[in-house]
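Student: Okay, handing you the structure first.
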C-alpha cells in the first residue's frame, strides 16, 4: 500500500535514486489557501545536507505543485506534487547489488519482488518520506486554517527527546515553545543542555563509522473531541499504525506509553473538569480514551532505530555465490536520522488527524467555506442524550 487515509488520502511514489519523488493528496476540500511555499517550508526541515548531523547528500528538494490548486486555493481535486532528485550517486551501491545489507529491506524486497531497485534502498529508503512531508504540509494547513469561518487551529510540533543514552527534559512547554527551542539547534531538541550531549553522542557514532537511534515526541494541540471510532477504528490505533509505516520506526507510544505498566490506576487516570463541556486534564491518556479523542492535547512518541547503513564490518551473504561474506556499507548516510525524521513524524500525525476531522464533520469535505460542526455545537446536540 502506498496510500494513507480514507477521506483525506495521501499517496506517495518514487525511489531513492529515481528521477523524482512525489505525492498526490486526494480529498482535500476546496478553498484552502495553499502555495508551494507552504510545502517548501516543511521540506526544508526534512532536507538532507542541512547540518553536520545529517547525510552529506545535497538535495534542494524544490517542490512543484502540478494540479489541484488555482489562484492560491485548493480546488477539491487531487493535488499532485513533485520533487526532482538532483544529487544521485549510485556508484557506491553496485558492490551490494547481490549482497543484502544487514538491517535494511534488501533481503525482504528480494523475497517479495525478486526484481528490485537496490540503489540507495529504492522504495524502502528514508528518502521516500519526501512524499509524506508534502502530504503532511497540506494536512497541517487544513488542520490549522479550516473551516474558514471558525478555524480549528490545530498545531502539531515534534522534537527529539532521546538520542542513544541521552534523554531530554524540556519541562512543561507549549507547542509554540517546543518549536522555538527545538528549531534552534541541529538535533531538534527542546532541551538545550541535552541537545549538546546529543550532538556529542551522534558525533562519536559518526567517528566510529556507526550510528545511533533515538526517540521523537509529537504533540498536537487544539485537537477536538470525538475523533476516532470504537474497537478497530481507534484514533490511537490509527496513529500507531500510520507512524509505524515510517522507515526506521520500531515502536510507538501514546501518552504515558510503556510507563503506564508501572503505574497505579489512581495515578494514571487523568482528572476531568468543566469548562462549558467536560475537559480531560493530563497527558497520561495522550489525548485519547476508548480510541476517541477527548479534546486534550495529543501526545505520541516514536522510537527510531539506528541508521542501518554503517561502515563497521558486518556479516551477510552473496546471493549469486551463495557464500557468507563480510560487508562494509559505503555511501552518504545519517549517523542519526531522528533530527530529520521530526517533520516526517509530524506529517503522519497531521495526515491521520486531517482524515479524522473530515470524517467527524469538523471540516466540510467539499469546501472549507461550507458550514461544519463546532465543538460547542457538538456538545449541545449530544448532551440531550443525558
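Going from the start of the chain as shown, residues are counted 1 onward.
Cβ coordinates are placed from backbone N, Cα and C, and glycine is handled just like the others.
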Student: Would you mind telling me which of 3-31, 32-60 Swiss-Prot tags as region 'Disordered'?
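Tutor: Checking Swiss-Prot against the ranges 3-31, 32-60, the region 'Disordered' one is 32-60.
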Student: Within the compositional bias 'Basic and acidic residues' (38-47), count helix residues (DSSP H, G, I), strand residues (E, B) and coil residues, in that order.
Tutor: 9 helix, 0 strand, 1 coil
Student: What number of additional C-beta atoms lies within 10 angstroms of the C-beta atom of residue 309 (FMN binding site)?
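Tutor: 23, counting other Cβ atoms within 10 Å of residue 309 (FMN binding site).
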Student: Just name the most isolated of the binding-site residues 46, 123, 305, going by other Cβ atoms within 10 Å of its Cβ.
Tutor: 305
Student: Given the binding-site residues 125, 307, and counting only Cβ atoms in the protein chains shown, which has the most within 10 Å of its Cβ?
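Tutor: That would be 307, with the highest Cβ count within 10 Å.
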Student: Does DSSP give residue 123 (FMN binding site) helix, strand or coil?
Tutor: helix
